[in-house]
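Database features (TrEMBL):
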- 1-26: region 'Disordered' (REGION)
- 15-26: compositional bias 'Basic and acidic residues' (COMPBIAS)
- 97-119: region 'Disordered' (REGION)
- 97-109: compositional bias 'Basic and acidic residues' (COMPBIAS)
- 132-158: transmembrane segment (TRANSMEM)
- 164-183: transmembrane segment (TRANSMEM)
- 204-226: transmembrane segment (TRANSMEM)
- 253-277: transmembrane segment (TRANSMEM)
- 289-311: transmembrane segment (TRANSMEM)
- 323-350: transmembrane segment (TRANSMEM)
- 357-381: region 'Disordered' (REGION)
- 360-381: compositional bias 'Basic and acidic residues' (COMPBIAS)
C-alpha cells in the first residue's frame, strides 16, 4: 500500500510539472497572439489614416500645387499639439482617482517589488531576441529607405508625375493596412503545425526578409529600364538599349509594384515584431526597456543606412546619372536583405535554440509522451 501510494504521488507530481509547463507554453502563446492582434489593429488604424492623408495630399497637389500642399500639411501637427494639451488637462482632472488606485496597488505589491532592474541585465539578451532585433532592423531600414528616399526618386526617373505621388502613397498605405489586419490570420494559418512560437516568428521574419529582397529586385529592374544603365556603365550598348527601349513602359509598373510589395512587408512586420519582442521578454520590468533599445537600434540603423545610400546615389550619379545611382542603391539593399536572411537561417540552424532544433525537440517530446504514460501505468500497477 505504501509503495502504491508513493507511486501515485510521483505520478501526480510528474503530471503537475508537465501541466505547469503546458500551461506556461499555452500562456505565452496566448500573450503573443493577443499582442499580435493589438499591434495589428494599431498598425491598421495608423495606415488607414496615412492612406487618407496621402490621398488628400494628392488631391490638394493637383488643385493648389505642391507648395500650398506642403504648407497645409502643418495643420494636422498643430491640431495634434492642441489635442495633446487637451488630453493633459483631462489627465490632471482624473489624476486623483488614479493616484489613489495606484497607491493601493503599490501597497499590495510592495512585498513583491524588488526595485528597478540592473542595466547589466540588458547585456544578457536571449539568442532568439538577437535574431528578432537583427531582422527588425533590416526590415525597418529597407522599408523606410524605400518609402522616404528611393521610391520618389525612382518614380521621377520612371516618368511618374509628382502630382500622382499622393495617390500612389495612398495605395501603398492601404496595402499596409490590409496586410497588418491580416497578420493574426496569417499566424493562425501558419501555426497549425508543430512549431513553437519562437520558431514560427523567426520563420515569418525570414520570409519577410526574402520578400523585401525580391521587392528591391523589382526596383532594380525599374531603375535599369528607366535609365539604360547597361549602356552607361557596362558598355553593352546594343542589347541594353534595345531592352531598355522595349521595357521603358514597364519601368513605372515595376517601380509601383515594388513599392506596394514593400508596403505589404511593412504592414506585416510591425505587428509581428511588436508581438515577438513582447513575447520574447519574460520579465515585465524589462519589456519596455527592450522595446526602447530596439527602437533606438532601428534609428541608428536608419542613420547609417541613410549615409551609405546617399554615398551610393552620389557616386552612381557621377558615373552615369540618377538611374545608375538608383540601380546600385536598390541592388545593394536587395543583397543586404538577402544576406541577413541567410545569416538568420544559418545561425538558427547552428544555434541550440534554433527553429529547426525546436521543432525537432517538439516532435521528440511528442514521441516520448506515450512512453511516459505507459511507464506511469506500470508504476501504478
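All residue numbers here begin at 1 and follow the chain in the order shown.
Any Cβ shown, glycine's included, is placed from N, Cα and C.
What TrEMBL says about a protein is an automatic prediction, not a curated fact.
Tertiary neighbourhood of the transmembrane segment (132-158): same-chain residues 125, 164-165, 168, 172, 201-202, 205-206, 208-209, 212, 215-216, 219, 222-223, 226-227, 251-252, 254-256, 258-259, 262-263, 265-266, 269, 273, 276-277, 280, 294, 297-298, 301-302, 305-306, 309, 313, 322-323, 326, 329-330, 333, 336-337, 340, 343-344, selected by CB-CB distance under 8 Å and a gap of 6+ residues from either end. Beyond the transmembrane segment (323-350), the same-chain residues lying 6 or more positions past its ends with a Cβ under 8 Å from any Cβ of the stretch are 131, 134-135, 138-139, 142, 145-146, 150, 153-154, 157, 199, 202, 205-206, 209-210, 212-214, 216-217, 219-220, 223-224, 226-229, 232-233, 308-309, 312-317, 356-357.
With Cβ pairs under 8 Å as the measure, the transmembrane segment (253-277) is packed most heavily against 204-226, out of 164-183, 204-226, 289-311. Through the fold, the transmembrane segment (289-311) approaches residues 117, 122, 129, 133, 136-138, 140-141, 144-145, 149-150, 273-274, 277-278, 281, 329, 332-333 of its own chain, all at least 6 residues removed from its boundaries and within a Cβ separation under 8 Å.
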